[in-house]
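Beneath this line is the structure, given in structure tokens, with notes to follow.
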Amino acid sequence: HAFCVRDPCGFICLLLTYFSVFYADYVVIQYVLIPAYSDSVWCSLHGVVFNLILLLLLACHAKAVFSDPGMVPLPETAIDFSDLRSQSRMNERGCEGWTVCSRCETYRPPRAHHCRVCQRCIRRMDHHCPWINNCVGELNQKYFIQFLFYTGLASLYSMVLVVSAWVWRIRSEREGAAEGDGEEEEAPSKHLIVAHYIILLVESVLFGVFVMVIFYDQLVSIITDETPLEQMKNRLMKDRPSSSSQHQPHTHAHTRKPRIPLLREVFGRGSMLLWLLPLHSTPPSAGGISYSALPDYDV
Ligand SMILES: [Zn+2]
Ligand SMILES: [Zn+2]
């Protein structure tokens, strides 16, 4: 498998992700926990919890980056598309909703879309995400959402830690000034600390807001059972009801499934606590595609 490593934007985003995580860890340990909580058990407690969140973040990220998002396999032999009846013949064979991708030159199951960056068709494609340098599709959406969750959690946590350490620093400085002992901190290091606090705060707010917006969109798209591409398509079809939209085989949007089964399709059938861990879950049985490039199709 050659996962989309050739996209330079994706490569830069990957480096930026790793750099941001290690920078946050460095500032939290070096400039927040050690100076502000040095004498108490809180130092190691916050350190352990914060690093556990970062570890889970990186684990989910790695799973999202390196797993197959659900690529539609390319055919081993070239398919003759000159036979226009092949589409209807496939529908007769119970491959309802299958379409042809002219760029991959293959048949693809319903809800698969072509990604121009990956140059492949992806099953239930959500979008191509440069932050994981991969598509978000049927098989890795769970890891992607978990990555968003832990990024949001880490952002929130570091914001709280930085603000509380900053408040502690100002208060202890004031007390030091009131007591009047000449224990001056070297000025450059003080400025350096404040600079690190500000950079980490900006990083946390930016990433925090960004991932929360995407996290919300992802949950909505699961609960409504529509990927962004399908939302756009359905909106377009709603705008012109006179067109042949009634003939579209893609009508699942009208028969809404309940939310929990829809969430289970993405996060697995196990306990909800397992939804938080980047573990491989058995694909849902309902509607699961047991699947070869071309089922039963004689060329
Ligand atoms: Zn394709
Ligand atoms: Zn892609």
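Keep in mind that glycine also has a Cβ here, set from the backbone N, Cα and C atoms.
Per TrEMBL, the feature transmembrane segment maps to 12-33 (among others).
Marked as transmembrane segment by TrEMBL: 45-66 (among others). Within its own chain, the transmembrane segment (45-66) has Cβ neighbours under 8 Å at 3, 14, 17-18, 21, 24-25, 28-29, 33, 37, 132-134, 136, 140, 143-144, 146-147, 149-151, 153-154, 157-158, 161, 276-278, counting only residues six or more beyond its boundaries.
Annotation source TrEMBL lists domain 'Palmitoyltransferase DHHC' at 99-234. Shown for the domain 'Palmitoyltransferase DHHC' (99-234): DSSP residue counts in helix, strand and coil, namely 83 helix, 18 strand, 35 coil.
Among the features that TrEMBL reports, transmembrane segment is placed at 147-168 (among others). Remote same-chain residues near the transmembrane segment (147-168) are listed as 21, 24, 27-28, 31-33, 35-36, 46, 49-50, 53-54, 56-57, 60-61, 64, 132, 194, 197, 200-201, 203-205, 207-208, 211-212, 214-215, 218, 276 (criterion: CB distance under 8 Å, separation of at least six residues from the stretch ends).
Within the chain carrying the transmembrane segment (194-216), a Cβ under 8 angstroms from the stretch's Cβ atoms is held by residues 20, 23-24, 27-28, 31-32, 145, 148-149, 151-152, 154-156, 158-159, 162-163, 165-166, all 6 or more beyond its ends. Annotated transmembrane segment per TrEMBL: 194-216 (among others), in sequence order.
According to TrEMBL, the region 'Disordered' annotation covers 236-256.
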* **Long-range neighbours of the transmembrane segment (12-33), counting only residues six or more past its ends (CB under 8 A)** => 43, 46-47, 50-51, 54, 57-58, 61, 65, 130-133, 154, 158, 161-162, 165, 193, 196-197, 199-200, 203-204, 207
* Structure fact -> Mean per-residue pLDDT in the domain 'Palmitoyltransferase DHHC' (99-234) works out to 90
